[in-house]
Amino acid sequence: MSGIDGRPETAAGDRAGTPGLRLVEGREDGRTDLWLTPDGTFRVTRTAAGRREARQGVLDPAVLARLLPALRTAVPGPDPAPAPARPADRRLTVAGLSAAGDAVWTDGTAHPVPEAAAVLTAAAAQVLAPADPARLPSGVVRGGAPERASEPSPERSRAAIGTVRGRPAYALAEQGRSFGLAALDGTEPLGGSGEDSGVLPTAVALGTAGEREVFAVGGEDGAVQVWDAVSGAALHGTSGGEGAQAVAAGTVQGVPLVFSAGRAGDVRAVRADDGRALGAMSVAARGAAVLRFARCAGLELLAAAGDDAVVRVWDVASGEQLHLLVGHTDRVTALAVLGLGDQAVLASAGEDRRIRLWDLATGAPVAELDGHTATVTGLAFLDLDDRPVLASCALDGTVRTWDVYTGAALHGWPAGDGWLTSLAVADDDGGPLLAVGEESGRVSFWAPADGTALGGCAPESGPARPAPVNAVAVADLDGRPVVAAGYGDGALRLWALDTRAELYTLAADGGPVTSLAVAHEGVDGPVLVCGTAAGSVRCHALGSGAAVALPTPHAGPVTGLAFAPGDSPVVVSAGQDGTVRVRDALRGVPLFTLTAHEGGVAALTVGEAGGHRLLATAGHDCTVRLWHGGSGQAGPVCEGLSQTARVLAFAELAGRPVLAAGSADGSVMVWEVHDGRRVTELAGGDAAVLSMAGQNLDGELLLAAGDERGTLRLWHLASGTLLNEAELDQMPLAIAFGDAGLHVVGPDGVRAL
């Protein structure tokens, strides 16, 4: 087929001869380029303001099954089309996927990009910005981690200075290699990780918490991990934002628990009552797409499954893995567990479209149920006329029911106009009904016996095109059945099942909701647990919707870390998501969260003034903000920067607490802490300031600052006089005054000046 300008086009860009679809949107100053292969894998790159970001993702086969037929009906005719009058904003090329030949559409011509290509635009947006509202159900598109250079970069190393075993020491974390502790005099390593840790550090901190010396690392995935710096024992941590979170909830030995897992790492458990982390269950760091908790056969069981097509089952009380169930040939996306007296049956299904039943007493397969023609997205057991029945829904738009004892198909019917994303069983007037989440944003209800439609629930207000329902859950609230739904725009809604009335809507917090569970025995009643696409887990009191604090990662890279000692020591983290999270330093229990800067937090430090703990944050809005470290109350806003501050430091000038900010333009600005009034501005070079330290010498405050070009400057702060300037042989990641001078830590270790 001819291209739009009359010349033959047989492929997409530089991938000539390779089958696939390529969608290019925007121009050179802001462009998104997506390449999709026939197996559903895709790579998307975004270039804007001179920066380039690349991610990989996977589309469910159902997306191509919808997209390709729509494109075939929109194939441009054989006549050559004129070239666009101006550079095109969008161009779609389909190569090697049709016997009719290749096809090209370009906006601004007689053959503009078809409306069906919007699914590709939506997929690109969801993997590039997982915390933003999503147009596609979370089950049909999943993203991977950002692509990184294979070689570690000194620019991505991070360092901090403190004490270990009572000795001055430093922490150094290197991208993709390891992190370690060493004496500041350079004579002795004091511990660290192995060379294969694979950490992507974005922030580190050393500090004290009570009688313990502690060390923390914040990562690219939003996670914060804290260790005892002396023993190396892990104290607590958040599971990183390793993609969309699957969640489950249940009560084990009287303790309400929340379980979560992402696309990588293990399954983590925390207490729902106080947020304490309890450990992890290993899935060989492969993550999980679905979790299911059940109490049956005298055991509290947790099942997990995901991309490796393996189902793992644990006895939660003992932590023992009971079964490793192998049989699926593709990603597992749905699980359900049924207790039958002293026996238990597990159902699993996913992208191979086959439902498998397993005997949990032995781990043996019981039955294989075939009928769905696309990925199975929901499974639930119910009792129908005194016999156990399994219900299922799928991206083929159908709901099906099955006899558990015989494996026979009972009924099947189309439900809604698009993809079905989730399924739960509710009890209505003494009988079961099926609650089905739909791509359209509606939760529909169906009689399982014969597929009779029983109405549904939809948002009472919102955009003309509602976001898809990604997850549904049912619960009993004060004797009244309720239905919860999590949406692609991050909203949560709760309805009364009997009246279909909407009880409340909660706004997004952490991106699209990807999974739901209910902890029925929370301290103050049931708790609604929500996994999000950005990698965090949010919890709400089911009755009121009030947030319940759990230790969750940042929705994006950690940009600052600090320990604040005292009677109640805390660890404080800041993120690119604009939040500051304050946790108990030893237990990890969340204390409060601040929304500090809308465009992200670029720098963080902690200090003290007038006996009060203070926090300071810098944002990409070129402001620096002060906060009360105990309550989170907002304090003065410090202004005057022309570029973002990269580092902050508290100091004392003539008996008054001040705050210094090292900027991306090389300058240092200083403000009064009590009112945010500017004290002075120090002109440096034109390279970003990376590290600062203050020292009172005979009542005079000296300030040292190191920049990314390896220049170290020393000022007398009261007069603004530059006392010294030195060129270093490495980037100064952290600096500190010592008895004999300055210590500078860089990617290659420590130097004394």
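Note: Cβ is positioned from N, Cα and C throughout, glycine not excepted.
Some features that TrEMBL has for this protein:
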- 1-32: region 'Disordered' (REGION)
- 301-324: repeat 'WD' (REPEAT)
- 325-368: repeat 'WD' (REPEAT)
- 369-412: repeat 'WD' (REPEAT)
- 594-627: repeat 'WD' (REPEAT)
- 659-681: repeat 'WD' (REPEAT)
With DSSP, how much of the repeat 'WD' (659-681) is helix, how much strand and how much coil, in residues?
-> 0 helix, 14 strand, 9 coil
Restricting to the same chain and to residues at least six past its boundaries, which positions have a Cβ under 8 Å from a Cβ of the repeat 'WD' (594-627)?
-> 556, 559-564, 566, 570, 572-582, 633-639, 641-650, 657, 659, 661, 671, 673-674, 676
In the repeat 'WD' (369-412), how many residues does DSSP assign to helix, to strand and to coil?
-> 0 helix, 28 strand, 16 coil
For the repeat 'WD' (594-627), the mean pLDDT of the predicted model | 93
Report, as numbers and ranges, every residue of the chain located at least six residues beyond the repeat 'WD' (369-412) whose Cβ falls under 8 Å of a Cβ in that stretch; write 'none' if there are none.
-> 60-62, 65, 139-140, 333-338, 340, 345, 347-351, 353-357, 418-425, 432, 434, 436-437, 446, 448-451
DSSP tally for the repeat 'WD' (594-627), helix/strand/coil in that order, comes to 0 helix, 23 strand, 11 coil
